[in-house]
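**Q** My structure is below; once you've seen it, I'll send some questions.
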Amino acid sequence: MRKINIFDTTLRDGEQSAGVNLNLHEKLEIARQLERLGVDIIEAGFPAASKGDFQAVQAIAQTVRNCSVTGLSRSVQSDIDAAWEALKDGAEPRLHVFIATSPIHMQYKLRMTPEQVIETAVESVRYAKKYFPIVQWSAEDACRSDLPFLATIIEKVIEAGANVINIPDTVGYITPKQYGDIFSFLKKNVRNIEKISLSAHCHDDLGMAVANSLAAIEAGATQIEGTINGIGERAGNAAIEEVAVALYIRKDYYQAETRLNLQEIKRTSNLVSKLTGMIVPPNKAIVGKNAFAHESGIHQDGVLKEKTTYEIISPQLVGVQSNSMVLGKHSGRHAFRTRIQELGYLLTEEEVNRLFVRFKDLADKKKDITDDDLIALILDEKLDTYKNFYQLCSIQVQYGTNQIPTAVVVLKDGEGNDIQEAATGAGSVEALYNALEKALQLPVTLLDYRIESVGSGRDALAQVYVKVSLDGKEASGRGTAQDVLEASAKAYIHAVNRMFVIEKMREEQALAAQ
Ligand code: KIV
Ligand code: ZN
């Protein structure tokens with residue numbers, strides 16, 4: 001297995017993402033986590049860029065012991081001096097010095113001739129070598145540079161003492177095959193190239209940063225630069241976690257490995273996302289919320305029978321606790337039944353089948369079916385099975401601006417007996433609920449009451465949601481009716497009945513366990 005060094009630039013190129021600004025404390029926290037992840041090199045910032053960057057690079061160099069800390073520098077002595085001051089206390093001080101080599105950059109940005117660029121590059125490396133044991137030299141916009149020119153300048157900076165040569169695809173323009181060809185060309189045409197380490201640095205403008213990095217490894221690169229979650233300038237950099245996991249999962253093909261502790265990936269991704277404020281897209285490889293979520297019935301059934309049918313990466317490998325079966329309209333009976341069992345409910349096959357029909361109905365209307373939705377479905381199914389609970393027969397409420405609101409309710413209990421009660425309250429709903437409480441003879445506490453209209457217009461239906469508690473147990477209920485008060489009464493009775501279902505199911509399960 002070839003060893004591939006991971007050069008993390010989350011704190012430098014990653015921080016160049018539009019809208020991201022990390023303070024010293026946050027940078028240190030990320031650096032410590034990168035150390036735990038096991039990256040080989042941390043590019044902590046650009047010391048000459050600002051006082052804040054200088055202080056952050058210095059603090060990180062003084063803190064991190066298990067990896068090399070580096071800082072970026074233009075090819076000018078004052079940048080190199082600042083970088084040395086910031087990095088000299090590090091475990092392995094390393095400079096990252098760069099200059100652009102493409103005709104576009106040399107002509108329009110640097111306004112230098114190719115000869116001047118070579119001279120400046122060589123001088124900067126010589127100067128840096130007076131301080132730094134390791135100097136990495138980067139040819140900015142290397143992939144749009146003239147290849148023979150690139151080979152010439154690289155040969156000269158190696159002569160001047162550069163230890164690592166980085167070939168950045170600064171604008172994310174190259175394709176995997178072309179990128180690999182550049183590495184092969186340089187390996188063939190640069191004297192002493194075998195004495196240095198070749199590095200790849202890819203941007204994702206065409207969505208090929210990771211593929212290009214892997215192509216570079218195939219062509220002989222021994223260092224990959226990238227960021228956590230692929231954040232970075234414009235469309236971002238190669239995502240380190242994707243490169244590392246690709247090498248691990250496809251070691252049969254790449255025959256190369258990193259020293260990353262892959263189980264720290266998810267934690268690192270979460271931390272970077274939290275501190276930078278850059279949300280990880282749900283479908284992002286390795287670290288996205290959906291990376292290990294299965295929704296379709298066919299996939300769920302396959303994974304429940306044998307994970308490897310649809311999972312090439314085990315979630316635990318990257319520090320994710322487990323895969324998840326998202327219950328939605330594409331889900332199948334197998335995942336549905338499994339989730340019900342996980343929630344602790346014992347249902348007959350017949351009940352599961354009936355419930356599955358209700359579930360599909362709900363899934364057509366609602367995108368994500370939560371555990372609470374499932375429990376509500378189960379309780380209602382059981383309500384239909386047990387049947388003998390309270391039924392609301394009628395309500396009568398009197399309300400007037402200067403009168404005390406009064407409610408009369410009639411219920412039928414499980415044995416079919418009528419119960420009638422009346423009560424007053426500060427408002428109509430309170431009078432109604434006081435009357436219901438009296439009729440039930442139960443100390444029910446109302447925890448939540450919400451009302452919304454179903455549809456618009458004055459004839460819209462009222463939908464009431466309540467949560468109640470009784471003897472430390474909680475249940476929710478819903479009621480819909482043309483009238484707000486009737487909907488309120490139905491929701492209350494629904495919640496109380498569900499409470500009895502919970503109780504009855506507990507008794508049944510206790511009996512079954514004996
Ligand atoms: O993308 C790039 O060219 C860079 C260099 C400074 C290495 O980030
Ligand atoms: Zn870059």
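Heads up, the Cβ atoms here are built off N, Cα and C, so glycines get one too.
Because the structure is a prediction, the values reported are computed rather than measured.
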**Q** Where TrEMBL shows H201, H203, N237 binding Mn(2+), which of D8, D13, D448 is named for the same site?
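**A** Among the candidates, TrEMBL records only D13 at this Mn(2+) site.
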**Q** Cβ within 8 angstroms of the Cβ centroid of D13, H201, H203, N237: which residues besides those meet this for the Mn(2+) site?
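**A** Residues close to the Mn(2+) site, other than D13, H201, H203, N237: T9, P168, D169, T170, C202, D204, A209, E225, G226, T227, G232, E233, G236, A238.
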**Q** I need the most crowded of these binding-site residues: H201, H203. Count other C-beta atoms within 10 angstroms of each C-beta and give me the top one.
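**A** The residue with the densest Cβ neighbourhood is H201.
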**Q** Find the average pLDDT over the region 'Regulatory domain' (391-514) in the predicted model and report it.
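**A** Value for the region 'Regulatory domain' (391-514), mean pLDDT as a whole number: 92.
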**Q** When secondary structure is assigned with DSSP, how many helix, strand and coil residues does the region 'Regulatory domain' (391-514) contain?
**A** 43 helix, 51 strand, 30 coil
**Q** Compile a sequence-ordered list of residues in the same chain as D13 (Mn(2+) binding site), six or more apart from it, whose Cβ lies below 8 A from its Cβ; state 'none' when nothing qualifies.
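**A** Listed in sequence order, they are E43, E225, T227, G232, E233, N237.
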